[in-house]
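As given in Swiss-Prot:
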type: SIGNAL; residues: 1-24; note: signal peptide
type: DOMAIN; residues: 50-158; note: domain 'Cytochrome c 1'
type: BINDING; residues: Cys72, Cys75, His76; note: heme c 1 binding site
type: DOMAIN; residues: 204-355; note: domain 'Cytochrome c 2'
type: BINDING; residues: Cys219, Cys222, His223; note: heme c 2 binding site
Amino acid sequence: MNNRKPLQLSLLVASLAVAFTASATNADAHPPLAPLPPVPVPKDNPQSAEKIALGKQLFWDYRLSGDGSMPCVSCHLPALGWGDGGQISRGYPGTKHWRNSQTILNSAYYNKLFWEGSVNSLEEQAPSAAEGAVAGNGDPSVMEMRLRFVPEYVDAFKNVFGSQWPRMNDAYRAIASYQRTVVSDASKVPFDRYANGDKNALDTSQKRGMALFNGKAGCVQCHNGPLASDQKYYDLGLPDFAGFVDDPLYQVTHRWEHYQKGVSEPRYRAANMDYGLYYVTKNPKDVGKFRTPSLREAKYTAPYMHNGVFTSLQEVVDFYDRGGGSGTSKSELLKPLKLAAQEKQDLIAFIEALSMSEPLLHDDPTLPGEYQPLPAPIK
């Protein structure tokens, strides 16, 4: 029996862990970077080809929004890294959003969704987006009725879920199933190929960048494990988004978010910052903290950070090299790195090696036809 390849992989994982441990500023161990495991699937929403196909149609279907203009794909376009390419996500007509549209690439691996971790699963994420006032703004009863007047959907829901009529809870389950297919292909990710034994998958610059990532730059302190995210929350002291001050519609959205998330009266009146994790915990120590985003597919998912303040990986690396931003609650992990220009380029080269060599694209599905009168009263 040939045990050479497992031994090589074990040595690689060990070397990544040692590289960080030797240079870390604390004694905590961090999971090394590694290829993604199989996509986790909840027992109450198993995958099937038919459910995935239905979910893809629903992800693209304009009928799942208030005025029929904001399907899921409008903010998560495959050609734009499964985001929308803007600093701040486009809002529902008549509104403006207040955060960067996160990519849904590899979102199946997160234990919580949204920048402040406000929901626990893709099944919960879908309605939050489709029904959110500044996102899809769809009324679930109206969207459900629309689906019931489309014969193709009636048949598809009956086939997949065994229900007489389409139901929105099932629609969200189908969308979640589809999103679990929007994941990196390890055979096209240079780092994954390297980790799986192809020592030529990374070039010299990328290998130097990997050493920096796990060592001097300390990226692995937060961007670790297969997802390249510890899924924890930090205040980086990021620059503010000027629109919150300059644009009345952003102020409307910001104050509404404060109100519906239940912040204190003084914080509501100020409306001068995005409080992040605080909205979930109401712990003052969590003000300004946001979840560590995955670095997988970062090559294609600019702009970066919860407010889209950085347009390139160069800007991101420069920010961390300075020790992050300012603020009394800024993470103590952030310290000036004093990276040389070549080190920055090597680090960026390695971060890009966590992305596929070409972007993940899905063709638009064929959507069911127009509404048709029902042959019998709905029961």
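Including glycine, each Cβ sits where the backbone N, Cα and C put it.
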Open item on the list: Can you tell me which of the binding-site residues Cys219, Cys222, His223 is spatially closest to His76 (heme c 1 binding site)? Compare CA atoms only.
Closed with: His223
Task: C-alpha spacing of Cys72 (heme c 1 binding site) relative to Cys219 (heme c 2 binding site), in angstrom - done: 32
Task: DSSP helix/strand/coil residue counts for the domain 'Cytochrome c 1' (50-158) - done: 47 helix, 4 strand, 58 coil
Task: Beyond the site residues Cys72, Cys75, His76: chain residues whose C-beta lies within 8 Å of the centroid, for heme c 1 - done: Phe59, Pro71, Val73, Ser74, Leu77, Trp82, Asp84, Ser101, Ile104, Ala129
Task: Cα-to-Cα gap, Cys75 (heme c 1 binding site) vs His223 (heme c 2 binding site), nearest whole Å - done: 25
- [ ] Excluding Cys219, Cys222, His223, please set out which residues of the same chain place their CB within 8 Å of the center of the CB atoms of the heme c 2 site, keeping sequence order.
- [x] Phe213, Gly218, Val220, Gln221, Asn224, Ala228, Ser229, Asp230, Thr292, Leu295
TODO: Kindly state the mean pLDDT of the domain 'Cytochrome c 2' (204-355) in the predicted structure.
DONE: 95
